[in-house]
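TrEMBL annotations:
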{"type": "DOMAIN", "residues": "226-529", "note": "domain 'TRAP C4-dicarboxylate transport system permease DctM subunit'"}
{"type": "DOMAIN", "residues": "620-775", "note": "domain 'TRAP C4-dicarboxylate transport system permease DctM subunit'"}
{"type": "TRANSMEM", "residues": "29-53", "note": "transmembrane segment"}
{"type": "TRANSMEM", "residues": "73-95", "note": "transmembrane segment"}
{"type": "TRANSMEM", "residues": "239-256", "note": "transmembrane segment"}
{"type": "TRANSMEM", "residues": "302-323", "note": "transmembrane segment"}
{"type": "TRANSMEM", "residues": "417-441", "note": "transmembrane segment"}
{"type": "TRANSMEM", "residues": "487-505", "note": "transmembrane segment"}
{"type": "TRANSMEM", "residues": "512-530", "note": "transmembrane segment"}
{"type": "TRANSMEM", "residues": "630-650", "note": "transmembrane segment"}
{"type": "TRANSMEM", "residues": "718-741", "note": "transmembrane segment"}
{"type": "TRANSMEM", "residues": "753-775", "note": "transmembrane segment"}
{"type": "TRANSMEM", "residues": "795-822", "note": "transmembrane segment"}
{"type": "TRANSMEM", "residues": "864-886", "note": "transmembrane segment"}
Amino acid sequence: MSVDTSNTDALSEEEQEEILQEVQRRRTLGGLVGGLVALIAIAFSAFQLWLAARGRTFAATLPYLGEVGYGQQLQQLQVNAIHVTFALVLAFLLFPPTRGRGPLSRRLSRLEPAARSRFGPDSTLTRLVERLGDGVRWAFVDPAMRRVTPVDVVLIFLSLLPAHYIVTKFDEIRQIPVFGIQASSPIQEVYTNPLVSPIVEAIATGLGAVGIPLDSASYAFLLGVLGLLLVLEATRRTLGPLLMGLVAFFIVYARWGHFVPRDSIIGSLAIQNETWGNIVYNLWYTVEAGVMSTPVTVSVRFIYIFILFGAFLEMSGAGKWFIDLAYALTGTRQGGPAKASVVSSGFMGMLSGSSIANTVTTGAFTIPLMKRSGYSPEFSGAVESSASSGGQMLPPVMGAAAFLIVEYLGVPYADVIIAATLPAIAFFFGMWIMVHFEAVRGGIGGLPRDELPAVGSRFREGWFYLVPIALLLYYLVVARLSIGRAGWYTIVAIVALIAVVAAYNERNRVPLLGTIGAIYLAQTAAYAVAGTGLVDAIRAGTDAGAEPLSVGAAATAAFGDLGAIAVLVSLAFLLARPHSDTPLLEFEDDVDDAAERTATALGLSGAGSNTAYRFVTFLLKSMDSGARTATTVVVAVAAAGVVPGVISVSGLGPNLAALIDAVSGGSMLLLLSLTGVASIIFGMGMPTTAMYIILIAMLETPLVEAGIVALAAHLFVLYFGLMADVTPPVAVAAFAGAGVAKADELKTASTAFLLSLNKILVPFAFVFSPGILLLQRDEDGWTQSVMSLSDVADLGFFVPEVVIPVLGMFLGVYALGVTIIGYQYAAVSRLERAGYSVASILLMVPEIPLLILEGAIELFGVPAALTIFPLTVSLRAVGLAILVGLSAKNRRVADESESDLSAPTASDA
């Protein structure tokens, strides 16, 4: 049983799609074109799955067939180029060049009426203008976002050329640092086909006549320029003009930044003179800087596979189950629908990695229930968008920026998620507190128990959804596997689990599990006897050529094959009994819809209800969904990689750090405040990942030199970047929540911003008290590694550096919740709210007032160092006293109000 939403104004799937389409500007394609897009997306995911499973060699040894495939190992640059090319192709298919709403389109639309007015409707010139307008609209404009335009086809073809060159001419690229990019093959030597060569020659001659030396430029240079331009256009379509403009500015700056006067106020921004050839090479043909650099490498190795993990888990039905479980656990409590929204939206936001998509899809279910229980539409939309945006900081699957932290700092992913755990819990604790106070203030109850599923039965129906998450934690934290390998194993586990669940019923239970167990034992025996798997042992007999394994090692090796065994056995049962009962299987609606549509399109009557067909659709739909989600991320990291590339190649880094230090005046508090503001502003116009890459490239050195632990600095930027999704005037997630809630957009965004204020104070807390991140400290200071049990046992360290700051953080979050909602046990006056806010700051970040006082003292030339433990713990004690005193007073007011209401009146007598 799922939660009953029949008596709410829940959005239909079409309405959800409209909101997502409006916010994300993504096309909805059907028919053959839609099928082609799905095939490309599935191919993208298949490419990434192969990389995760087998590495960069695209060949495999098959029984009886030997080695099949492309045996040569691809280089990292080649893999990155294919990765970016897939994203470019999908970007040009999924996002229109224009919807006809821009300034150029408006000017074009005014030409036709002007021509009719001036020359008459039957004039030849008027007809020419009208045909010109129709041609431009046909080629470029897609107002309904439902067709692929001719310019898209051209750009898709051009997108293939740079990657083709990198893959096929890699030896030539290796020679560029020695001989220069202009020494590589000219374009005329590349296109020697008698049909193509005259066209290329004519274009080169024509462009040469107008001053563009295409005939003398090398093919590598031209393709590098083309690649950069294609990335800029894909960025404009998917992410908007702000990021595109910033990246374009840095490319231009790399060429002409040397003109900045060195003796001016901005002289520190002057850089060395670079040629276009060097710039194009560094920004396109290396993995050390530019488009193909670390961000894209991280996307190839880590980000994509975890996006796929989220897609597989979501399409399996885990999202619906978790939402139902959250409502079953909290739905009947006071404010239960909002509390369930906080829990389920955080979980789903962690999986989807997109606060906008999660706000719409999860909010379509949670927001109507919040409204029905008594929350205002604005508050309902704000809760959903705020919790959804917080999902990207929730371990174990954090946003894409978390994987970049791993690569930039060289710390294990396990350490990053352990460090991020307590701050993330503090944020969601604050959300829980605020929705509770709002429920108490408004007298909002929970949902009737008969409208909610039973906790026990719902848990039994979907407990297996927790297994992949538990396995992921085991692989990352206990086994300490690489991120890519852990992601691959977890995806295999999801597929195997869903295959078994699809085939499982009362009739199949014993033979299904028995067959899987028997084959596992046979596989173990094969490893123990022949040193190889069962199939290879049967094929080779006693001449397998491998050393037998011990029983324990054989069982472990066979366990690695258990996923494949479970999938194959389950598929055999599904094919044998395709219409048997599947009591535990509950795919996401998108999977069942896709199964019905494709079955109808293929003329397979009844296949949509065939369990085997639905399982295959689940696999393909998960791969399709993962690729579509990843497209925006890949374009973002590819474009954003240009900024650190220019900074490193031009030598701007040290000068920029000095400039930032001068602007902040050496004040850590001012530096952090400027960083936070910059993170929010940059995050408003671009994804969190792109914002993180750009700001860390510019600000990491000043932050670390100011004495901030590097991991804390990176998480600080990430937290503030997430605020952008709910910060007016952009607030894209909050506006999406307002659309679902049918509420006022600005009020919803303002409320979401207030509910997310924890994302501002919590980062300041862990920057000043790194013990909140559970980091170790040695004689040289704080390290990037998480603490061990010996650190916990050292009470002289653990209590003052961890316990007190963590308790202060949670109590401060509580006080901040009272401040924002204006209610605790009873209504809180404005003066009391000011007192709660002071208590919140003193409990969470007592260093802020101490640093302000320190700066004031130093204005008189007196050195001061006030951020010492005796003073910080004293201020926390003051904050605690204020909180306790105000809470006691508020409780007395509530008790007196209850006494007044219960006292007998004259009319009662």
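Note: Cβ is positioned from N, Cα and C throughout, glycine not excepted.
Three or more CB pairs closer than 8 A are found between the transmembrane segment (239-256) and the transmembrane segment (630-650), so contact between the two stretches is assigned (pairs 6 or more residues apart). This prediction places the mean pLDDT of the domain 'TRAP C4-dicarboxylate transport system permease DctM subunit' (620-775) at 89.
Below 8 angstroms of C-beta separation, residues 25-27, 29, 33, 36-37, 40-41, 43-44, 47-48, 51, 55-58, 148, 152, 155-156, 159-160, 162-163, 166-167, 170, 173, 230-231, 234, 237-238, 285-287, 291-292, 296-297, 299-300, 304, 627-628, 630-632, 634-635, 638 of the same chain, each at least six residues beyond the ends of the transmembrane segment (73-95), sit close to that stretch. Sequence-distant contacts of the transmembrane segment (753-775), counting only residues of its own chain at least 6 positions beyond either end whose CB sits under 8 Å from a CB of the stretch, comprise 382-383, 386, 389-390, 418-423, 426-427, 430-431, 434, 672, 676, 708-709, 711-713, 715-716, 719-720, 722-723, 726-728, 731, 734, 782-787, 798, 801-802, 805-806, 808-809, 812-813, 816, 820, 840-841, 844-845, 847-848, 867. Beyond the transmembrane segment (630-650), the same-chain residues lying 6 or more positions past its ends with a Cβ under 8 Å from any Cβ of the stretch are 24, 44, 83-84, 86-88, 90-91, 94, 228, 231-232, 234-235, 238-239, 243-244, 246-247, 250-251, 253-254, 257, 271-272, 274, 278-279, 282-283, 288-296, 298-299, 303-304, 307-308, 353, 400, 404, 656, 686-687, 689-691, 693-694, 696-698. Away from its own ends, the transmembrane segment (29-53) comes close to residues 79, 82-83, 86-87, 89-90, 93-94, 146-148, 300-301, 304-305, 308, 484-485, 487-488, 491, 601, 620, 622-624, 626-628, 630 of its chain (Cβ-Cβ under 8 Å, at least six residues beyond either end).
Counting same-chain residues at least six beyond the ends of the transmembrane segment (718-741), those with a Cβ under 8 angstroms from any Cβ of the stretch are 11, 16, 19-20, 22-23, 355-356, 359-360, 363-364, 367, 371, 377-378, 380-382, 384-386, 388-390, 392-393, 399, 401-402, 405, 423, 675-676, 679-685, 688, 691-692, 695, 747-750, 752-753, 755-756, 759-760, 762-763.
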